[in-house]
Every structure is written in structure tokens, then in C-alpha cells.
Amino acid sequence: MKLQKVKEILSHYPSNYKQSAVIPLLDLAQQQHGGWLPVSAMNAVAKVIEVAPIRVYEVATFYSMFNRAKVGKYHLLVCGTSPCMIRGSRDIEDALLKHLGVKRNEVTKDGMFSVGEMECMGSCVNAPMIAVADYSEGSEGYTYNYYEDLTPKQVVEIVELLRKGETPPVGTQNKMRINSGPEGGNTTLLGDPKPPPCRDLDAC
């Protein structure tokens, strides 16, 4: 790990609580290893924060954003939480796996793509969605983009744009929606709300 960045992360924690830096240090190590955490990287984190390696392994295996196997240049994470499942996330995953010719957590032969699952990404109103992680530039150019309101056809189109080196527009893919607003625009609160009635006539 880059010593300068390690020092910067540790500067946010009291010296007697530096083990609290385990998550940001693991994130840094993952970025610098192309999106995954080899055992050697986890051991290095344990050495920096002066804990037994098992304590770092426990964290790395608990959180789904840490990858313990190699991933593609673009790691496609399909949301598997209930709102996305209800809105068709399994169809999204099936379309990705079929188009790329891989199983979940496998990397394509050209090393470009891998597909995984991630729990709630926090945009349930725009379900189903995926996150695309690109670790190819290490900690200097790490990106993590959300693509929402997806159909199986749209997710394949996103993959093909990424394959060409283009960046698909992030956020909702539903042209009838602005950000997280309702489809077709507002249906309530169309004007300024009325003020509350004045109950004290002397104060009016």
C-alpha cells in the first residue's frame, strides 16, 4: 500500500484506536490490487493496525463490497435486495450472465467483466439497479457508478458501451423520470402549499 495514503487514513484516528481504520485501509488495498483483496494485502493491513490477521479477515469476509477473488476491469454488481428483486433484478442478472457467457463471480476470458451481487444500494425507488465498479486505475482513478430503472435490454447496452471504452449516462435509465421523481412528473403538490389557518385572530 502507498505509505502516504496509509498515513493520511491513520491521521483520522487516535494512535491507540488505529484498528478502527481497518475498513478504509482494506478499501485502499482493494483499489490498489485491481478490485480484489489477496491474503497478502489483508496481512499488510493487519500489520499496519497491529492486530492479528484473523481480525482483518473477519471484516473482509463480512462486507460484500470486499472481493476476495479477482474481478474484471468492470465489476458489475446487481442489487439483490427485496425492492430490486420485486422489480426484476434476477432478469437483469440473467441478461448479464447470458450476454457475457459467465456465471456469477466469474471473469470473462478477456478480463473485461465480472458479475456479482450486492445488497441494498440505497436507490430502492429506482429499482432494479446495478453498480459498476472500475478499479483499473487504482486509487487514483477508482469509479463506482449506479445505473437505475433498468431493463434487460438496457443493461446489455450499458455493457457494450463500456466495452467500447465509453461511459454510459449514470443514474436512472427511465426517460419518464427525473432523478428519483415520479414517472411522468409530480401528481401532487403542484403549487405553493397553503399556509396553516391562523388560530389567533389577534396575531393575524
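Cβ coordinates come from backbone N, Cα and C, glycine included.
All annotation found in TrEMBL is predicted automatically rather than curated by experts.
If you look up TrEMBL, you'll see Cys79, Cys84, Cys120, Cys124 marked as [2Fe-2S] cluster binding site. Mapped onto three states, the DSSP output places Cys120 ([2Fe-2S] cluster binding site) in coil.
Residues or ranges marked as region 'Disordered' by TrEMBL: 166-204.
When other Cβ atoms within 10 Å of the Cβ of Cys84 ([2Fe-2S] cluster binding site) are tallied across all protein chains shown, the result is 27. In sequence order, Ser89, Glu117, Met118, Glu119, Cys120, Met121, Ala127, Pro128, Met129, Ile130, Ala131 are the residues near Cys79 ([2Fe-2S] cluster binding site), counting only same-chain partners six or more apart with C-beta under 8 A. With respect to Cβ neighbours within 10 Å, the binding-site residues Cys120, Cys124 differ, and Cys120 shows the lowest count.
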